[in-house]
Amino acid sequence: MYRIRGFEIHDGYLDRHAQSSVFSAVQEIARAAPPYAPMTPWGKPMRVKMTSAGRLGWYSDRRGYRYVDQHPDGIPWPPIPEVIMEMWRDLVPGGRDPECCLVNYYGEDARMGLHQDKDEADFAYPVVSVSLGDDGLFRIGNDTKGGKTESLWLRSGDVVVMGGDARLRYHGIDKIRFGTSTLLPKGGRINLTLRVVT
Ligand code: SIN
Ligand code: FE2
C-alpha cells in the first residue's frame, strides 16, 4: 500500500482468482439490475454505464445527483454480494457496512471527469473503489477545483481507499487502455465504489 495525496492505493489487493469471484458477483448484479447510461443534470447521457447494489443506488438525471431506492426500471437494487462486503470489512474494520455499491462500466471511449463524491450524508466513512478489467488512468486533484493534479494507472485488482483528509478530494478517470486485461471477456473496465450513504 502507498499513499498519494491521502488516497490509499492498495495495488494488487485482489489476485486473479479473487478478481474472477468479484467479477462473477458483478455479473449477478448486472443481471438483476441492468446497467444504463445516466443522464447528467445538464442533459447529456454519461459515457460510463452504471448500476448499483445495496439499499440505495446512485442516480443522476435532470434533477441532479442523488441516491434512490430503486433501479430506473422500478426494480429494487440487488443486495451487495458477500465477496464485495468482505473487502469493505477488511479495509474499513469495525464500522458500518456500506449501503451502496455503485458499479461503473467503462467501454473503449468512456471517461469520468474530475469530481468530488459528496452526495453522502456522512463523510466520516471512506469511499472504497475497486478496479477490474482494463487499466484506467486515475487523476487526483485537490479539495477545490483546479490546481496541479497527479495521475496513476489503476490495474485490475487494485483498490483505492478515499477517506480522511482525502474524502472530498477531486478525482476522475481520463481514459482506459482498452484490451489490456483478459478478465472481462468483451474488454473494458469495471469500477466499484462502496459507500456509506446516510
Ligand atoms: C469514481 O470516482 O466514482 C470512479 C473512479 C474510478 O472509476 O476508478
Ligand atoms: Fe468518485
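Each position is counted from 1, following the chain as shown.
Cβ atoms are placed via backbone N, Cα and C, with glycine included.
Cross-referencing H71, H171 against the Fe cation binding annotation in TrEMBL, which names H115, D117, picks out H171.
DSSP gives H171 (Fe cation binding site) a strand state. Remark: H171 (Fe cation binding site) has F7, L114, H115, F138, R139, I140, G141, M162 as non-local neighbours, by Cβ distance under 8 Å and separation of at least 6 in sequence. Summary of the Fe cation site environment: with the site residues H115, D117, H171 set aside, the chain residues having Cβ atoms within 8 Å of the Cβ mean position are L114, Q116, M162, R169, Y170, G172. The Cβ of D117 (Fe cation binding site) lies under 8 Å from the Cβ of V127, M162, R167, L168, T193, R195, each of which sits 6+ residues away along the same chain. Counting Cβ atoms from all protein chains shown, H115 (Fe cation binding site) has 12 others lying within 10 Å of its own Cβ.
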